[in-house]
Each structure stands twice: as structure tokens, then as C-alpha cells.
Amino acid sequence: MSESIALLTIFVLAAFVGVEVISKVSSTLHTPLMSGANAIHGVILVGAIIVTGATDSTIVMIVGLLAVVLATVNMVGGFVVTDRMLEMFKGPGARKKELHK
Amino acid sequence: MIPTWAQIGYLVAAVCFIVALKALSSPRSARTGNLIGAAGAVLAVIITFAAYKPNHLAPILIALVIGTVGGVVGSRRVQMTQMPQLVALFNGVGGGAAALVALLELGEVSSDATVAAIASAFTILVGAISFSGSVVTFTKLQELMTTRPVTFPGLPVLFIASILGGVALSVWLVSDPRVWVGVLLCLVGLAIGVMLVLPVGGADVPIVISLLNAFTGLTVAASGYVLGNTLLLVAGTLVGAAGTLLTKLMADAMGRSVFNILFGAVRGGSTLGAGTVSERPVISGGPEDVAILLGYANKVIIVPGYGLAVAQAQHTLRDLVEELQSRGVKVDYAIHPVAGRMPGHMNVLLAEAQVPYEQLREMDDINGDFKTTDVVLVVGANDVVNPAARNSPSAPIYGMPILNADEAQRVIFLKRSMRPGFAGIENELLYDPRTTLLFGDARDSLTKLLAALKTV
């Protein structure tokens, strides 16, 4: 039971951290933020690897591998696309350099 | 079961995620923040391999490579205008993965672990909702199906019945964790997801993406609980909390409640527009007329919309603005919070065209300036300057904060046709005697306008 309470405590505290961290994000960055948060939940990949790696059943393994593929697409794609968006938010310095090319 | 060093490693990864979200709050640190998040994710995966020593290592690695290639290719190829649907798709596959993991976890849940069984049932149901909902969202944004709300008689009844069925199956699953009940629950979840998103109108779809994003976060957190994995718990909860708040912020920007967005069409009062083209007279002009209006103005405000992005006209617009500025005209961009198809989407699109930040001004900041503005140039936008949101309580968008373009001396619309905007509502401002319309593709019109401007 104490482990359940510990996990519940982590859950509640993390919820507050999530709200607190986000409430200060400028609306300019809402789209990259959504995309970044989206990439973070791709960490379900960890769960997919654990479940797939622990099984002896072929069916479970196949479904688990499918979950690994989906979760990887979520995670990798999410971070790459967020980076692509943010790449465009260059400072004035970087922009000048490009104009001089 | 998990060694201490791995626990500490997971903690480091969780901190990376928090720092990443925090760093996204400033344009200066955002990109670094995203990289920190990615580093945390890579660390988490490496620790998982080292600590759990999974069997079937080769197939798992192959699956990882396939997923990586898919993710990189997908996100590299996509156009910036298609960003919202890509985020929807990534969210969907994440939700799908969470549901599959939860289904497989069922084999490990013993019947006395009630809380874990509840968490599994939640993940299966909500993960499936998130998956199918995201797929419908994707097809709407990609315009593979109509962007209008879709309802059919009996939808509310079927929807409520499905939810009750989902709850009943969840209870069953908790008392008797069998995989086939889980599969049934998954199917019900898929159906609920489709029915949840179908009645949502095109303009409101981004808010649904954000909501489904939060859903997926919560399913990941529930998975973390079942597996006793603190990293999944923290990361999922972070995304769940952040996504919920973001959804509310987006809904606020449109002056709607999330409930109204989701269920408005079912109750008959949502963004269902007339969708007909009016026969009323409008004043249209040629590029030269518009160029004169712009060239001899003191102060111009540009209102960019999704149409600008679709026509890939951001760069041409920037050239036009630079030409105006070289003539001494003061030019600002007025960015509505939901311009484009997501909050901040327009900022991304204009940043792509290397428009300086300082010229991008948010709605609350610039709305007082319209009174003293000579010309407002609306490029590919419609709903965000529609005075019906302020004046006509019967309009579906009534209450949505808008840019006060109608307070300016003159208004110029660059439009493809008289077709109503994404929300499907007629815009009175188009028929105003102070309004001039320049018909054509946005990039075409802007190019002609730029050429004309150089001669006046």
C-alpha cells in the first residue's frame, strides 16, 4: 500500500509541476509546446520495451513490437518536428548571417 | 526489481522533461529545451535496456529502427502548414501504443491489484479514444473528409450508450482481468473516439488535438502506475496537466468552453455555418488601387490567416512589408491567438519567412491601435476579423475575441473567393463600404501588389 501512496504522491506533485511550468509559456510558442509535450509522452516506448522484453508468448511479442514501433514514431517524430518548428525562431543575429550568404 | 542506479537515471530523465517544458517558455531557450527533452528520452530508453535486460533484443531494436525512420521521414517531409495534422497523427500513434501496452500488461495484473487493474482499464479505453480521435482529426485537417461537423440522428444516444458500455466493460475488467474483455474495451474506445471528434467543426479541431494530447499523457501516467515505473508516471502526468491547461487556453482564445466545442453540434448550436455564397454586392479592386491605398498610408496593420500559409505567400508578404517600410509606412502584423490552425501556428509560419518578432503583435496588444490605422490588409483570414463575433448573438462564433479590423479607416481583403471561412460563417465586414476586395491566390495577389507598389 505504501508504494501506491508514494506513486499517488508523485502523480499529484507532477500534475502541479506540469501546470506551473506551462502557465508561463508565451502564446507564440503554444504550437511547439504542444508538439514538444506530444513527443514527451512518446516515452511510453519504455513501457512497450519492458512488456515486450518480459514475454515468452509470440502473440504478445508481436503486439509489443507494434507498440514499440508506434511509440518510437511518436517520440522521434515529435522531437524532430518540434526542432524543425523551433529552428525558425532564430535570433536577429542568425538571420543576418543568412542574408549575407 | 529495478536497480537503484536505474531509478536515479529515470529521475534524471524526468528532470530533463521538466526542464524541456520550462525552456519552451522562451524563444531563446526553446530549441535547447527540446534537445534536452530528446536527450532525456534517449537516456530513458538506454536505461530501460540496461536495467530490464529485455528478451527478444534483436526484434525490439529492429522495431526501434523502423519507428525512428518513420518518425524522421514523416517530420522532415511535412509542410509547415500541415503541422497540426502531423502532431495529431503522432499523438494518435502514442495513444495507440499506450493502449497496446496496457492490453499486454493485463497478463501481469493479478486479480487482487484493484488499482492497477483500474489503471489498465483506463489506459486501454482512453488510449483507444485518443488513437481513433486523432485519426479522425487528421483526416479532417488534411481535408480528406469534410471539415464541417458531422452528426447523424441517434449519435448522442449511441455515444452515451458506448460510454456506459465502456464503463461497464472497465468494471468487468477490474473484477476479472481477461485479455479478451480488454480487446472489447479497446474496440468500444475506438468507437467513442470517432463519435467524439466527428461532430466537431473544422475551426475547433486543433483544440481537440490538444485535448487528446492530454488524454494520451494521462494514459502514459496510468501505464507507469501499473508497471511501477516512476518515469512514465511523471512524464505522463506532466503532459496530461500541461495539455489540459493548453486546451483551456486555446478554448479561451476562441471564447468557447471545451464542453461547447465537443458537444455543441450535437445540441445544435455550434460552428454549423450557412455555407452558401451570398449574392450581395461587394467592392473589388485591382492591384493598382490597393497599392495606392497601401503606399500612401501612414499606418498599416497586416492580419495574416491560414490562406496566406496555404498559398505559401509568407515570403512575398514579407517583401511587400519591407517595401512599405522603406517608403516610411509603419507596418505591424496582428496575430490572432488562433490564426492558422493552432495557437502560435501563424508565428511559426511567419518565423519561417524570417519576419522579425518585434513586428508580430498579439491581439490584446494591438487591438487598441486599429482606430488610428489607415489600412488593414487581411491576407487569407476571415473569421478572426468577423464582427459577428461581437455584434450578433445568434452567430456560432459569437463571443470569440476578434481583431478590431472594422475600426480602421479602410480594410483590404485578399481572398480567393467569396467562400466563407473555416468556420463557415458569412462576414459582414466584406460588404462594408470601406472594404476593398482583391480576388485571387494570395501569393499571386501579393506579387502583383508588390510590383504595383513599386510604380506608385
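Heads up, the Cβ atoms here are built off N, Cα and C, so glycines get one too.
Unlike curated records, TrEMBL annotations are generated automatically.
Record features, source TrEMBL:
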DOMAIN    B:7-451  domain 'NADP transhydrogenase beta-like'
TRANSMEM  B:6-25  transmembrane segment
TRANSMEM  B:32-51  transmembrane segment
TRANSMEM  B:57-74  transmembrane segment
TRANSMEM  B:86-104  transmembrane segment
TRANSMEM  B:116-138  transmembrane segment
TRANSMEM  B:150-173  transmembrane segment
TRANSMEM  B:179-198  transmembrane segment
TRANSMEM  B:231-251  transmembrane segment
Leading contact stretch, B:32-51, B:116-138, B:231-251 vs the transmembrane segment (B:150-173) - CB distance under 8 Å: B:116-138
Positions on the same chain near the transmembrane segment (B:116-138), where near means CB under 8 A and six or more residues out: 85, 88-89, 91-103, 105-106, 109, 144-145, 166, 169-170, 173-174, 177, 182, 185-194, 196-198, 205, 208-209, 212, 215-216, 218-219, 222-223, 225-226
Integer mean pLDDT for the domain 'NADP transhydrogenase beta-like' (B:7-451): 86
